[in-house]
Amino acid sequence: MSDSIIVNIETPQSSKRKSQISKRYRVTSEEDRRNLKEKVISARLESLDDDNEQQPIGSRGDEEDNDYNDDENEIVYTTPVNKKRLFIAREKKKNEKKSMNLNFNDVLEKSYLETFPDHVPTYISVQSKPSIFPPRHFCSICGYIGAYTCKQCSSRYCSIKCFNYHNETRCKGSIYT
């Protein structure tokens, strides 16, 4: 707490209370700010260097590897596991892995579409009724709903801005006139 200054603040809502001003707010001159900024940057660089430091491949160094224990006396006792539950869990994992790795092309290959008769719907021959809603028309420039149509090339647009852009760059009818 030696890095901070204690200041007494009086507010109308509360009585006297003590607050601490951090070290960075006490810096008053521009030179002190620059020095403090350099210290912070150098501290960050040193911590990054420490994090990224690696031993060269093949050198073991003088220190022993503390992560590796060669003690055969340490035995870890676990609680007994129901073998039937363990077997069921393994089977579930096998089945999940098999089904999760299939993409659509694999599914089509495994479905043997050529073996089905023509009247049976498959992934390729599936059909649906026409929509009861009218078709949507989208702006050829921005993708919003296009309420207007170009008279020259019958492309859709939604606003005057899109129409101007369409006339400048995309209108096929204006090329021939």
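Using the three backbone atoms N, Cα and C, a Cβ is placed for every residue, glycine included.
Features as listed in Swiss-Prot:
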- 1-74: region 'Disordered' (REGION)
- 15-26: compositional bias 'Basic residues' (COMPBIAS)
- 27-41: compositional bias 'Basic and acidic residues' (COMPBIAS)
- 62-74: compositional bias 'Acidic residues' (COMPBIAS)
- 139-171: zinc finger (ZN_FING)
- C150, C153, H166, C171: Zn(2+) 2 binding site (BINDING)
Here the 10 Å Cβ neighbour count for C171 (Zn(2+) 2 binding site) comes out at 19
Please list, for the zinc finger (139-171), how many residues fall into helix, strand and coil according to DSSP.
11 helix, 5 strand, 17 coil
Sort the residues of the compositional bias 'Basic and acidic residues' (27-41) into helix, strand and coil with DSSP and give the three counts.
12 helix, 0 strand, 3 coil
Among the binding-site residues C150, C153, which residue has the largest number of other Cβ atoms within 10 Å of its own Cβ?
C150
